[in-house]
Amino acid sequence: MKFVVITGGVVSGIGKGITTASIGRILRARELEVTAVKIDPYINVDAGTMNPFQHGEVFVTEDGVETDLDLGHYERFMDVTLSGAHNITTGKIYQRVIEKERRGDYLGETVQVIPHITDEIKSWIREVGKASGADVVLVEIGGTVGDIEGMPFYEAVRQLQLEEGRENVMFVHLTYVPYLEHVHELKTKPTQHSVKELRSLGIQPDAIVCRCERPLDDGVKRKIALHTNVPREAVIDAHDVDLVYKVPLLLERQGFGDYICERLGLDADEPDYSDWLDFVTRIEEADDEIRIAVVGKYVDLPDAYISIREALVHAGAHVGVGVDVAWVDSEALEAGDSEAWEEVKDADGVLVPGGFGKRGVEGKIEAVRYARENDVPFLGICLGFQLVVVEYARSVLGLEDAHSTEFNPDTDHPVVDLLPEQRGVKRKGGTMRLGAEPVVLEEGSLLRRLYDDREIVLERHRHRYEVNPSYVRELEDHGLRFSGHSPDGRMEALELPDHPYFVGTQFHPEFKSRPGDPSPPFVGLIKAAAGQGPD
């Protein structure tokens, strides 16, 4: 088993996740089995209770763990299914070590960062690699080198190379090379200092991947190679591209895949990018473009909806159209902002994603009503699904006070209510209905057709509230069709039969969308928005 450790320097947020996922794609193109681990040095046990404005999207794995959004990149680029074990946090590591100490596993030792914390980190990485049967384990360390919270993890991977052998562990350092416009020059000094910091921790990088606004010339690459002690061919240009799915191809063209295989002694096939190139080409050569209005409360940070965005791209490539996303603030709709409403009215389709909290909810409900009344293709996900029920109960059933008890505990018509098993639950972290659950699709329904007539599909969930079963019959008597349910009778999906495309899902279909296997509800939305009919 081989390991590739990806570290970052200079600044955070320059694309370690995409770089790691792209390395995974490069190795997968050579028919190698690859898995990935994301290390987040924060003390939170998981990402589930973190503000999306700080952290971005919470990505839910098949086994129901709330993880970092980079796991979504890994799954999409590498076409693999990962578990919650693939996201390590400081909180998880300390939790494990403290549990062992309480059990007496350390036989009276003084428990310390070295060796106990570092040993646990190494053990976790090896366990994930062994369980996956991977040829190569990618390990991405979040943050930047020098961050105090990351120190135990850098020490652990240093020890990992010492124990596994240099021939089995490779370090890739992602850095930022700024371009100063006033002198027309790319500056390498931040990279030099970043690598100096990394080497002070006992880690010599084997390759430097340089994020930059424009391509690096050969002179800059040679300068970086000289000052960071890596071969010239191991200085890789990762300049800005207009589509993240081009990044593996950009790295491959510079020989990075061959360099990794040579460095680790991997016996790999010639790379095959035919499917990947076809996907990228379909995006680039799309004749038409449609516009989808995504109505949410975190739209100032599109990373909060990154799986939504990518699922729209996947579906667009499948249908053969480009997808332009208009990010619409639901609070602005609520306030009657004319520009925000113009974005909705100019769109070919509307999507209301999941979310939490009362802020902006009425704006989302108004967006649902607009799409329903004006025959605009619509997809509601999780909270978006629940708000369809609220809007329908108010507008069609005449239950003016109808609401979710999440937002109005005293409503006379709780058409959306807390899941029975959630009553009495006090802890917030990891206690929702999470992960993959079976959904039974009704025969003859639009959703069943979109899912290739499969009766049961497995989709991922993240919610505490559900459609109140007491109102289901009345809603259906007034034309709303619940076309998907759980085996024990919970409402999982809905549609309006006489609408061009009006679908809601309690589950999150975006989490399982892949470039070569787009999510069916998203494909239906894009087809309808493009005027092709949903199925």
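Here, residue 1 is simply the first one shown, and the rest follow in order.
A Cβ is built for glycine as well, from the same backbone N, Cα and C atoms used for every other residue.
In sequence order, VAL60, SER307, GLY354, ILE381, CYS382, GLU459, ARG460, HIS461, ARG462 are the residues of the chain that are 6 or more apart from HIS508 (active site) and have a CB within less than 8 Å of its CB. Annotation comment: Swiss-Prot describes HIS508 (among others) as active site.
In the three-state DSSP assignment, the secondary structure recorded for GLU510 (active site) is helix. Per Swiss-Prot, the feature active site maps to GLU510 (among others); the stated evidence is sequence analysis.
Cβ contacts within 10 Å of GLY15 (ATP binding site), excluding its own Cβ and spanning all protein chains shown: 19. Per Swiss-Prot, ATP binding site is recorded for GLY13, ILE14, GLY15, LYS16, GLY17, ILE18, ASP70, and the stated evidence type is sequence analysis.
Following the DSSP three-state reduction, the secondary structure of ASP70 (ATP binding site) is helix. Under a cutoff of 8 A between CB atoms, and with a sequence separation of 6+ in the same chain, the neighbours of ASP70 (ATP binding site) are LYS16, GLY17, THR20, ALA21, LYS38, PHE59, GLU140, GLY142. For ASP70, GLU140, the entry in Swiss-Prot reads Mg(2+) binding site.
Close to LEU383 (L-glutamine binding site) in the fold, though at least 6 residues off in sequence, lie VAL352, PRO353, GLY354, GLY355, PHE356, LYS364, HIS463, each with a CB less than 8 Å from its CB. What Swiss-Prot records for GLY355, LEU383, GLY384, PHE385, GLN386, GLU406, ARG464 is L-glutamine binding site, and it gives sequence analysis as the kind of evidence.
Averaged across the domain 'Glutamine amidotransferase type-1' (291-535), the predicted model reaches a pLDDT of 95. Taken from Swiss-Prot, the feature domain 'Glutamine amidotransferase type-1' covers 291-535.
According to Swiss-Prot, the feature region 'Amidoligase domain' maps to 1-266, an assignment based on sequence analysis.
Counting every protein chain shown, the number of other Cβ atoms lying within 10 Å of the Cβ of ILE14 (ATP binding site) is 21. Mapped onto three states, the DSSP output places LYS16 (ATP binding site) in helix.
In space, GLU510 is the closest of the recorded positions ILE14, ILE18, GLU510 to GLU406 (L-glutamine binding site), judged by Cα positions. Cα distances from ILE14 (ATP binding site) to the recorded positions GLY384, PHE385, GLN386, ARG464, GLU510 are smallest for GLU510.
Of the candidate recorded positions, GLY15, ILE18, GLU510, the one lying closest to GLN386 (L-glutamine binding site) when CA atoms are compared is GLU510. Of all the recorded positions listed here (GLY384, PHE385, ARG464, GLU510), GLU510 has the Cα closest to the Cα of GLY15 (ATP binding site). Mapped onto three states, the DSSP output places LEU383 (L-glutamine binding site) in helix.
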